[in-house]
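According to TrEMBL:
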DOMAIN    1-263  domain 'Plant heme peroxidase family profile'
SITE      ARG7  site 'Transition state stabilizer'
BINDING   ASP12, VAL15, GLY17, ASP19, SER21, GLU33  Ca(2+) 1 binding site
DISULFID  CYS13-CYS18  disulfide bond
DISULFID  CYS67-CYS259  disulfide bond
BINDING   PRO109  substrate binding site
BINDING   THR140, ASP184, ASP191  Ca(2+) 2 binding site
DISULFID  CYS146-CYS171  disulfide bond
Amino acid sequence: MGASLLRLHFHDCFVNGCDGSLLLDSTATIDCEKNACANVNSTKGFDVIDQIKAEVDKVCGRPVVSCADILAVAARDSVVAQGGPSWKVRLGRRDSTTASKTLANSILPSPFMDLPALINNFKNQGLNQRDLVALSGSHTIGLAQCFSFRNRTYNATNIEPAFAKERSATCPRDGGNTNFAPLDPTAARFDTSYFKNLVKKRGLLISDQALFNGGSTDDLVMTYSSNPEVFWNDFSKSMIKMGNIKPLTGKQGQIRVNCRKVNW
């Protein structure tokens, strides 16, 4: 579940900050982010977060740690468990009492974005180009569904032909939308294969290969592909930066008893 738990933190933070809003289920008053285009039938691990929350609350004797903080720590520990770097997670986030599917639909980056769109998307969150490339490196773990890479597989000019042929085996021109392919060859290990792949024009998503396609991020991709320590260091810094996007603190929000619903 490592890649899924890392993604939950990312998709939570980009919509109204790191506030656990992604975890809320739909109600008459809550516009559930789980149903947004980038999340529906795609984000996973909600049950794992519930299990972690139950264990933490049991140890603490009551709900002391927010669901938003649990997402931040689970993301870090997932990266460590798959061989990646560790970083110090700042704690003290509180949980939101609202969610916004509409905002999630307009804000979460798409796998079809080109480089200018990606740069602008991250800039809107206070993240720069270095953060964009470093955080995109999270695609060194996990899988993507056929619908998200079909267009690149069959229509891109900046794709290695042998790689396109490989992908077409699991992603036909029609149907098979939910067939999975690894985002890089070592999908369960946090390493630099993702960046090495981009240099060879073997990025799975349009938004992946956009990072190495004659643009302003090419040099950084080259650096990360050959310097794991530089990538790990930058990734850690960018994860801390992302985890600090508009947190609710002090008396704002609440510490949810159940991550899926607000306290009444």
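Including glycine, each Cβ sits where the backbone N, Cα and C put it.
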Inter-residue Cα distance where the pair is CYS18 (disulfide bond) and GLU33 (Ca(2+) 1 binding site), in Å: 13
Close binding-site residues near CYS67 (disulfide bond), where close means Cα within 10 Å, chosen from ASP19, SER21, ASP191: ASP19, SER21
ARG7 (site 'Transition state stabilizer') and CYS18 (disulfide bond), Cα-Cα, nearest whole angstrom: 12
Fewest other C-beta atoms within 10 angstroms, as judged across ASP19, ASP184, which are the binding-site residues: ASP184
Integer Å distance between the CA atoms belonging to VAL15 (Ca(2+) 1 binding site) and the residue listed as 'substrate binding site': 11
THR140 (Ca(2+) 2 binding site) versus ASP12 (Ca(2+) 1 binding site) - Cα distance in angstrom: 20
Fewest Cβ neighbours within 10 Å, where candidates are the recorded positions CYS13, VAL15, CYS67, CYS146, CYS171: CYS146
CYS146 (disulfide bond) versus recorded positions ARG7, VAL15, ASP19 - nearest by Cα: ARG7
